[in-house]
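Please read the structure below before turning to the comments.
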Amino acid sequence: MTTIVNVHAREVLDSRGNPTVEVEVILASGTTGRAIVPSGASTGQFEAVELRDGDKQRYLGKGVLTAVRNVNEVIAEAVVGMDATEQVEVDQAMLALDGTPNKSKLGANAILGVSLATARAAAAELGIPLYRHVGGLTARTLPVPMMNIINGGKHADNNVDMQEFMIFPAGAPSFAESLRMGTEVFHALKSVLKSKGYNTAVGDEGGFAPDLKSNEEAILVILEAIEKAGYKPGQDVFLCMDVASSELFQDGKYVLAGEGNKVLSTEQLIDLWDSWTRQYPIVSIEDGVAEDEWEAWVELTRRIGDRVQLVGDDFFVTNTERLARGIGMNAANAILVKVNQIGTLTETLEAVALAHRNGYSSVMSHRSGETEDTTIADLAVALNCGQIKTGAPSRTDRVAKYNQLLRIEEELGDAAIFAGTSVIRGRKQG
């Protein structure tokens with residue numbers, strides 16, 4: 001009864017009011033799996049192609065009717081009759097149908113929607129949670145949330161250059177407690193910002209988006225908020241950053257527009273990260289140098305990789321070829337996992353497996369354009385990532401994932417393992 005009998009896509013909206021693709025996969029038993037595809041604002045140039053219509057008269061050119069049509073008329077014909085529990089076969093059939101290296105023919109948004117909906121349908125038919133269906137019996141590690149509480153860069157209309165300043169409540173004993181700690185710091189930050197006369201409106205990912213005196217001030221106000229909430233920085237709650245430095249990279253230099261167009265060389269930027277990670281409890285930096293600066297990644301990793309998690313997002317784009325090259329060069333030590341960067345569940349699993357086999361960490365991640373879909377919460381547990389990035393504890397599109405993780409932790413009961421400080425590099429355990 002796990003045979004796919006119908007596949008249907010429609011155009012729906014994401015958290016930014018932009019169209020995206022929702023797919024339903026219906027099985028012979030009548031069981032349905034549904035998934036909605038997310039979308040990013042700062043996208044790596046090597047990501048799989050998200051198909052947009054380009055009709056300026058409709059949704060400012062961002063419609064996805066072409067991708068929807070590709071699901072309903074092309075992909076459906078190929079996968080109807082296949083077994084939904086054979087995820088690899090379903091994904092491979094779509095990849096063969098597309099035939100391009102970056103999914104530009106059918107669109108990664110079309111292919112991913114079908115891929116994730118297929119997994120959901122299979123799990124529902126088997127009567128097991130999605131994390132168990134994908135990850136098997138070993139899926140029981142709850143991730144530490146990386147909560148983006150100050151938004152900058154492309155995620156906010158402010159003068160903060162770095163895209164995300166995050167808190168990482170790894171000192172908690174459980175996921176539920178880490179979520180509580182992070183949320184209390186988030187509320188404390190609001191009062192800290194208000195006391196300084198700063199705006200407390202939120203950005204795309206639910207974090208605050210104030211204009212600050214400098215990028216470093218973001219760290220200082222967060223440290224103040226951690227203490228105000230009654231926690232110890234570097235013991236209970238740590239800091240993480242997503243620099244999204246490809247967005248700052250111009251003519252071989254890094255330009256900090258929010259600091260009066262301050263220009264830094266690659267060496268100066270690496271010096272800055274070295275300094276900040278010694279001065280502050282920063283345990284993870286994502287995209288610390290630009291996506292094409294391979295030698296800079298090697299140097300950054302050599303300098304601070306033994307004590308700081310260096311995450312490749314735009315650098316790796318959840319792509320096994322780029323990740324394998326990075327591993328070979330000892331560039332970075334962790335991969336950010338975004339299902340829509342690569343475009344199928346199977347390829348996502350392959351990327352995480354490659355990372356883990358080579359001692360690289362993995363961080364499951366949302367996109368800035370999200371929906372009520374909670375698939376990534378299950379995948380974080382399924383793949384034992386130990387870390388998840390899904391925004392501030394604000395906005396339903398972000399909180400939906402946290403609430404799903406609360407359900408999973410409760411369901412696992414005593415079998416649940418909270419990753420905690422075990423994921424922090426250079427930190428002695430016990």
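Every residue gets a Cβ built from N, Cα and C, even glycine.
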Per Swiss-Prot: Mg(2+) is bound by D242, D313, and from E205, E286, E347, E350 the site also lists E286
Given that Swiss-Prot records K338, R367, S368, K389 as binding (2R)-2-phosphoglycerate, the matching residue among Q87, Q92, Q163 is Q163
Those recorded positions from Q163, E205, K338, R367, S368 that fall inside 10 A of D242 (Mg(2+) binding site) by CA distance are Q163
For K389 ((2R)-2-phosphoglycerate binding site), the three-state DSSP class is strand
Around the Cβ of S368 ((2R)-2-phosphoglycerate binding site), other Cβ atoms within 10 Å, all chains included, total 26
Checking the recorded positions E205, E286, D313, K338 against R367 ((2R)-2-phosphoglycerate binding site) with a 10 Å Cα-Cα cut-off, in sequence order, leaves E205, K338
